[in-house]
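See below for the structure under consideration.
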Amino acid sequence: MFKRSRQLSLRWIDLYATFHPPQGIRKFAMSAAQKPQIVFVLGAPGSGKGTICKNIVENYKFIHLSAGDLLREEQNTEGSEHGDMIKEYIKLGKIVPVEITCGLLKKAIEKSGASRFLVDGFPRNQNNLDGWEKVMSQCVDVKFVLFLDCSEEVCTERCLNRGAQGSGRTDDNLDSLKKRFNTYSNETMPIIKYYEGKGMVERVDSNRTLPEIFEDIKKIFTPFISQS
């Protein structure tokens with residue numbers, strides 16, 4: 001009799017624990033559910049990442065974090081520890097060390113306090129991806145990669161036009177573009193392929209006009225928002 005009563009008591013304890021987990025467990029589950037959601041936006045220089053992100057922000061209330069803009073802002077900040085180095089890397093079309101870029105992104109995400117972010121132009125190579133996984137994987141939830149697929153010819157024309165119109169970007173010139181496209185093909189495309197293998201890539205043809213591109217964007221983001 002005593003044995004049976006003890007078994008029943010243990011069963012009730014198990015049931016209670018199932019529906020009333022300890023506070024520490026509840027806190028962990030809640031914090032996991034509240035992780036900021038991340039969409040990486042990748043594509044060649046001139047594929048329209050900034051323009052498309054602006055439209056997504058206006059229509060779906062994401063926060064847009066451009067790795068390139070954060071780096072350019074840092075290089076122009078008076079007294080920046082890394083300003084000169086960032087400037088040299090950008091000029092040469094090279095990828096800035098991941099510790100710097102990840103640090104800037106993490107700071108921007110924490111400062112914002114928002115729940116959904118477009119991270120534009122990152123990760124750009126395996127080192128970026130490894131650094132992100134090390135620093136950010138426990139803090140955020142990467143939902144998918146938006147891949148803006150655009151030909152080199154169209155991208156080059158857009159970048160040169162942007163430079164001619166006074167974009168203020170030191171890398172909007174033909175010499176820098178060649179280096180940037182080479183970096184993109186050799187280092188960023190493998191990252192896109194990696195995420196494709198995980199079923200996490202949403203591809204959009206960005207050779208077209210903005211209204212045409214955004215029709216496809218809506219087909220991706222409207223269901224995503226409704227399910228989040």
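Each Cβ is built from the backbone N, Cα and C atoms, and glycine gets one as well.
Feature annotation from TrEMBL assigns ATP binding site to G46, S47, G48, K49, G50, T51, R162, R208. According to DSSP, T51 (ATP binding site) is assigned to a helical segment.
The secondary structure of P123 (ribonucleoside 5'-phosphate binding site), as reduced to three states from DSSP, is coil rather than helix or strand. Sequence-distant contacts (6 or more apart, same chain, Cβ under 8 Å) of P123 (ribonucleoside 5'-phosphate binding site) comprise F40, L129, G131, W132, I191. Taken from TrEMBL, the feature ribonucleoside 5'-phosphate binding site applies to R72, K94, I95, V96, G121, F122, P123, R124, R169, R180.
Residues near N128 (CMP binding site) in space but far in sequence (CB under 8 A, at least 6 apart, same chain), listed by position: I95, V98, T101, C102, F122, I191. Annotation source TrEMBL lists CMP binding site at N128.
Residues or ranges marked as region 'NMPbind' by TrEMBL: 66-96. Here the region 'NMPbind' (66-96) has a mean pLDDT of 90 out of 100.
The most densely surrounded of the binding-site residues S47, T51 is S47 (count of other Cβ atoms within 10 A of its Cβ).
DSSP places the residues of the region 'NMPbind' (66-96) in helix, strand and coil in these numbers: 18 helix, 1 strand, 12 coil.
Fewest Cβ neighbours within 10 Å among the binding-site residues G46, G48, G50, G121: that distinction goes to G50.
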